[in-house]
Amino acid sequence: MRIDVISLFPEFIAQCAAFGVVGRAQERGLLELQGWNPREHAQGNYRRVDDRPFGGGPGMVMLIEPLRACLETVQAADTRPAPVIYLSPQGRPLTQALARELAQLPRMVLLCGRYEGVDERFLAQAVEMEISIGDYVLSGGELGAAVLVDVVARLQDGVLNDAESAAQDSFEGPQGLLDCPHYSHPATHAWGDVPDVLRSGNHAAIARWRRKQSLGRTWLRRPDLLDEAGLEKNDRRLLDEFRRELAPDDEK
């Protein structure tokens, strides 16, 4: 997959993507990441990329022409069709389901805004989709782009050492539940012991425990994700069991 990022700070994206899963994806040739600075396409001695908004008001607005020229160069560098995605608090919320859709694309172009945003005419003519990583405002779209690059990169075949890691993540699967708790060594610690079932070697019992914990954790922490009416009978039974086992003082 190829991801082109249009940003006034392309080095920021490159640094974020140099480590961990995204860095591994690039090393393995599974992800190509390229940054583009619209300032290089601006005119004049100062290479200005922003100006005051019509109608007055605070802040500056990113200009059409540097962005248009930059995008033209990006599209000429690789002729494969690619949606232009603007990182914006007004966009469609980024979910795991949307990430899976985007991960199937051969290429996409990410646009990072700054200041008060981007001239609306550029957005109307050049942008296919706006995506938000949350209901808050950042100084620019670079952090949002870094998040999107990471979530899409880890879904590429061959990036994770164990493909099951992605399949068992929170929000994965047809029902999009939260993940169950995980434990490692030591089995006994001053802060608690690993549940006996996870050390039993009984794979059926372990799978049942993990499913119950996943259902229960979703019910406790993200009830908006849990459509109880759509749960299978066995899942409803497990959730009821989880509720019965939950001590009153554990309910937060």
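Every residue gets a Cβ built from N, Cα and C, even glycine.
For the S-adenosyl-L-methionine site, Swiss-Prot gives ILE133, GLY134, ASP135, TYR136, VAL137, LEU138; the one candidate out of GLY113, GLY176 that the record lists there too is GLY113.
Cβ neighbour counts within 10 Å, taken over all protein chains shown, single out GLY113 as the most crowded of the binding-site residues GLY113, GLY134, ASP135, TYR136, VAL137. Of the binding-site residues ILE133, LEU138, ILE133 has the largest number of other Cβ atoms within 10 Å of its own Cβ. Across the residues annotated as binding S-adenosyl-L-methionine (GLY113, ILE133, GLY134, ASP135, TYR136, VAL137, LEU138), the widest Cα-Cα separation comes to 16 Å.
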